[in-house]
Amino acid sequence: MDSLRVARVDHVQLDQYLPPITASSASSSASTPSTKPTRHRRTGTLHLTPHHLIFSETSTSKASEPEIWIPYPSITLMTRLPQNIQGLYPVRIETRYFNNYIMSFEKDREGGAEDVWQSVKDSAVKTSVHQLHAFFYHDPHSSRSADSSIAKGWTIYNPRQEFARQGLGSKTKSWRFTDINKDYSFSPTYPAKLAVPTRISDSTLSYAAKYRSKARIPALTYLHWANSASITRSSQPMVGLKNSRSAQDERLVECIFSTHLYPDAAYASPIYGATTTNLIIDARPTTNAMANVAMGAGTENMENYKSGKKAYLGIDNIHVMRNSLKIINEAIRDAETKPAGVLDRGLLRKSNWLKHISTILDGSLLIIRNIHLNASHVLIHCSDGWDRTAQLSAVAQICLDPFYRTIDGLAILIEKDFLSFGHKFLDRSGHMSSEKLFIEAEGEEDSDEEGVGAQKAAQAFFASVQKQFRGTSHLKETSPVFHQFLDCIRQIQRQFPERFEFNERYLLDIFYHLYSCQFGTFLFNNERERQNTTPGPSYVERTASVWDYLHQSRSTYLNESFDSELDRQRDDQGVLLFDPKDVQFWFRLFRRGDEEMNGSPLTLAQAQGAEMLGPLGAGQEDPITPSPTIASIARAVSPPSSWSLTDTNPVSTENGSTIGPSSTPRRAGGGGGVGGGWGWSQFSTGAFNAVSSAAREIKSISTDAIAQLKAEANEVDGDWRREPTATTLANGRTATGVETTYAPYTRQAVRIPSESNPWSTDSQIQPNTNRFASTATNDNSIKAVSTSPREEVARNNTINGTLTHGQAQKQTQFPPARPQGLNARLPSATNPWATMSSTPTPTLTPPPPSNMIRSTTPHASGPGQRSDISSSLSDLKLIDKSNTDTMISRSASDNGGRADAKKDMVHGGGNSDDDVVRAAMGDDKKAWDPLGAL
């Protein structure tokens, strides 16, 4: 009561939309049937309690309306609205039951709208589960056993009795109970009693638990009465980018898939007409599974689980489902705020709610067919195995076993597959609420009161500071998982109305108490929290069970059209094979009209079913499993570790071979069957699409850069050509021949290279060849006919005797014949970087840096002038150790006044490209060639 500013407010005006009146209810109440909700207004008194908001109508008539009880945890949004035109102060309340109310108060403060809004906010936001209504409620009709203080509703599900009813121990002895988790230390989110294969020891389970997320190993949840086929459930394996594996987990799954073949089983041989298709069901979309691989988890590599196949169901995660329901809430809110009150079907279509329901039903039907028709086993998991896994397992069991279609059977199914196996009811239902659900709508400020604006600004400041210290991350964990499960039951019940003992009202009341927090059944995340192993009475002793409350009114929930004989007389043997495309909005739960929500165009557009991938077996490509190349890269960047039992996956080499114990053969090139590579073409959206696009862009950029470098080199070297020339010798004789000239390179933003192109490659270069073709006898009197300024400078230098004796001697040699072909190019004798494609060149060690000297040839001679040392690469000289008389000389003038003589090179030992490149670049190849084009 400390959080309540006001306990009672009189003369409160309440506006709400009442659900449509059906024909059956109209006949009993003498009312007119309607297809849309009708707005109803009444005035009464509002009572505030620590756990409820209660409205009672003030009426003089005898037939007064029943009270309205609003549990605080059911409030999804409470908004303070500005003063309306009637002078009242309204507050809008939206609930998880799709009941929306507008309460108008005569005053804003002093027992008015603000005090009510603040009181509900302080009472709804909890910091501990002990503050919820269930710990203060005592059911007077709750029945308890004589030797225990626990209500009978808490003991409605007994694991040994339930699995014995399914046939464990009688029809088959292939399964056993284990107490490895009796104190919840093995897996805190699993039940204390687990059913596992008989041939698996507890020691093996301990090792297998390390390979499954949250240690949620594959455990039995259903044994089919007809053929001993099983439904097991688990969490995702911890595969990761390393493509890890566990021999113990593989052995456990293998034993599960072969339990019906044991001699003690009901069927020692396969059933005739049945095709063995043991399935591993991954409920997630492939994109989500890929994201989990990057975080160290993932999905099974079917090369290691050869006894089964795998299928992806494509059921979206909890965040997508939460947003889907949020859009439906927006559509209902917009319909109630508009004068016409028309529900926007476009928003309903945008929500994809029916598509999600159809996807769950489609995956459940796949499990049902594989269990009943194929007499095979199914292992189900999603990420952690407590949301989508529980939905698929429970829906499939309702259709496989007629017992679960009874009132008691449904309660046992919910206790087993949701409560016992750790569905997070506390987080998914949002029982603790949050301050973010209580907002104030912006309105006009009251300028008559001084300091009102400053006061609200101060309150907003302190509220922002408090939000930093109060976490709201639990709101991101809310999701209508159990709501969707009840919706799926309703879809099947609508198709088979005579096969269910309970009616629709039973499902609606279960949904109501999911958020009422009146009972302790749906308050906890797992069995361990509910048992409360800390000193003191357990939570089951301090709270009541919802099943005791509901079963007190058992006659109310009986289905009048139910016929139990149909399960024995029909050819389907009691197994319901429904149509997953035949889905409709559960209009009574949403408190709307059937015609208003379910139109045929909308239904056909929504019910598209699941986009499943699979089944995938050994030898088939799995788009999720990392390829051996990626796995080897992941192992390379991680610190080395010794081989362990839980990580025995071999490291693949580049040629497809494997290193390590128990290596699995793979295709060369990293194929490897299921683990044969990442299916880049399988994904078009999400994170995987972004990674794929980035990889393609990087590859394209690098390819274009290398192609550009090669193109530039070809343009430079392609302009070399041989032209007839006349050479005048010093003795007056004229020699004719062929001279290779270089056409000036006019590409913009690229420096024109000298005649000795150091970056070009030539496949036909020969050692000891000369670019000049002439007949000469005088070594020091060569005069070339040229009209270019560079040739003029070279001629002057020749006349002045600047050429060395060896260079003049080499210029008298005749060039080799021109190569044939369109793409043939005369090699450059002075190209030190040219390679021989036809003749391999032996590799030599690079010359030391001391052999690299700069040319000190002066530009001009004169007193007081020093030699101009160029800082460009063209001034480098390479001296061959094997022949000190020959060297490579390239001269270029920075000022244009120095001669650029045509010199060539004599290869003393035939250095390789890498040696010459390192020699010219100073052993820093990356500084000149970052893309590795050379």
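Positions of Cβ are set from backbone N, Cα and C atoms, glycine also.
Listed in TrEMBL for this protein:
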BINDING   ASN317, ILE318, CYS382, SER383, ASP384, GLY385, TRP386, ASP387, ARG388  substrate binding site
COMPBIAS  22-35  compositional bias 'Low complexity'
COMPBIAS  639-665  compositional bias 'Polar residues'
COMPBIAS  754-788  compositional bias 'Polar residues'
COMPBIAS  795-814  compositional bias 'Polar residues'
COMPBIAS  867-876  compositional bias 'Low complexity'
COMPBIAS  884-894  compositional bias 'Polar residues'
COMPBIAS  897-906  compositional bias 'Basic and acidic residues'
COMPBIAS  915-928  compositional bias 'Basic and acidic residues'
DOMAIN    153-590  domain 'Myotubularin phosphatase'
REGION    22-43  region 'Disordered'
REGION    638-674  region 'Disordered'
REGION    753-934  region 'Disordered'
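Excluding the listed site residues ASN317, ILE318, CYS382, SER383, ASP384, GLY385, TRP386, ASP387, ARG388, the same chain places ALA283, ARG284, THR389 with Cβ atoms within 8 Å of the centre of the substrate site Cβ atoms. Binding-site extent for substrate: residues ASN317, ILE318, CYS382, SER383, ASP384, GLY385, TRP386, ASP387, ARG388, maximum pairwise Cα distance 12 Å (rounded to the nearest whole number).
Once Cβ contacts within 10 Å are tallied over all protein chains shown, the binding-site residues CYS382, ASP384, TRP386 are led by CYS382. For the domain 'Myotubularin phosphatase' (153-590), the mean pLDDT of the prediction comes to 89. Taking Cβ-Cβ distances under 8 Å and a sequence gap of 6 or more within the same chain, the neighbours of ARG388 (substrate binding site) are ALA283, ARG284, LEU313, ILE315, ILE360, CYS382, VAL481.
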